[in-house]
């Protein structure tokens, strides 16, 4: 009897997840908020004029939101009282540009009050971040709801830059994402910057016998060690994710094949035949990369989450 009840519950959860995903539609706000997308795009454009790191920040924010409790904008909630929110969890301390979503939300609320979720605004902003950096654009399915729960402790579920391929595969498959999605979404590392702490494990005390990860290009490893010494005291020291850090392109994959990637989790993509073949394919064709990236972004951003529309992205009513 208990087993049957458990099965019914599991099926109910699956049904709820699939039904909320299938409820998403690219024309969800066509009647209720027709100027939504231009309002979000304008907020992203305005922020980018003053800060070139905004696109990378928004893309990372969307990823970190969707991997915890689904795409429910819980990453935007502020800590309150004794509850420490996701944005204050260790992997999210370096997240920034929350003000872009706040500004977009204010503009959207002025157009159509209480209609559009913060989760949809974040999904649109992440798309605009890619498109305005020279990458592809796509129709974002909309209709997400905002969540009420945000716990810093749950950010431990985020895939870490030190993960190997089996850890990455497990993390992605738990969220209905494939190895191809893993390789395609890793291409988001074409934008942005990393602090030393995320790749320190590859350039100092790599293992009992080697100081530096032998899969790193030696000259690249040396340059990283000079920027990030063993007892680094410079708070903002680090390196750009690739050589064209503000342009969305396939350079990340080309550098990866040359041993010039930052994270262990990047290098891990070369450790299986299937993932290495995808890296090579995306390195040789920006078009194939962009097509796969768009497909995987739509899939990831459709992971179901919340239950309501927040009027302020930072607080629950």
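Even glycines carry a Cβ here, placed using N, Cα and C.
TrEMBL labels come from automatic prediction, so no person has curated them.
As annotated by TrEMBL, signal peptide applies to 1-23.
Annotation comment: TrEMBL describes 33-112 (among others) as disulfide bond. Its Cβ taken as reference, residue 33 (disulfide bond) is surrounded by 19 other Cβ atoms within 10 Å in the chains shown.
Sequence annotations record features per position, and here TrEMBL assigns site 'Transition state stabilizer' to 60. Neighbours of residue 60 (site 'Transition state stabilizer'), defined as other CB atoms within 10 A of its CB across all chains, total 23.
Taken from TrEMBL, the feature active site, proton acceptor applies to 64. Around residue 64 (active site, proton acceptor), the C-beta neighbours below 8 angstroms that are at least 6 residues distant in the chain are 75, 86, 91, 92, 95, 155, 158.
Annotated Ca(2+) 1 binding site per TrEMBL: 65, 70, 72, 74, 86, in sequence order. The Cβ neighbour count for residue 86 (Ca(2+) 1 binding site), using a 10 Å radius and every protein chain shown, is 26.
The disulfide bond annotation in TrEMBL covers 66-71 (among others). Of all Cβ atoms in the shown protein chains, 31 besides its own fall within 10 Å of the Cβ of residue 71 (disulfide bond).
Annotated disulfide bond per TrEMBL: 118-313 (among others), in sequence order. In this view, residue 313 (disulfide bond) is surrounded by 22 other Cβ atoms within 10 Å of its Cβ, with every protein chain counted.
Note: residue 189 (heme b binding site) has non-local neighbours 241, 242, 252, 262, 263, 266, i.e. same-chain residues 6+ apart with C-beta under 8 A of its own C-beta. The heme b binding site annotation in TrEMBL covers 189.
Other Cβ atoms within 10 Å of the Cβ of residue 242 (Ca(2+) 2 binding site) number 23 in total over all chains. If you look up TrEMBL, you'll see 190, 242, 245, 249 marked as Ca(2+) 2 binding site.
The Cβ of residue 196 (disulfide bond) has 21 neighbouring Cβ atoms from other residues within 10 Å, across all protein chains displayed. As annotated by TrEMBL, disulfide bond applies to 196-228 (among others).
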Using a 10 angstroms cut-off on Cβ to Cβ distances, just flag whichever of 74, 190, 245 is the loneliest among these binding-site residues.
245
Considering Cα atoms only, can you say which of 33, 72, 190 is the nearest neighbour of residue 228 (disulfide bond) among these recorded positions?
190
Just name the most isolated of the disulfide-bonded residues 66, 112, 118, 228, going by other Cβ atoms within 10 Å of its Cβ.
112
Using a 10 Å cut-off on CB atoms, tell me which of the binding-site residues 65, 72, 249 is the least crowded.
249
65, 70, 72, 74, 86 excluded, remaining Cβ within 8 Å of their centroid (Ca(2+) 1):
66, 68, 69, 71, 73, 75, 119, 147, 150, 305, 306
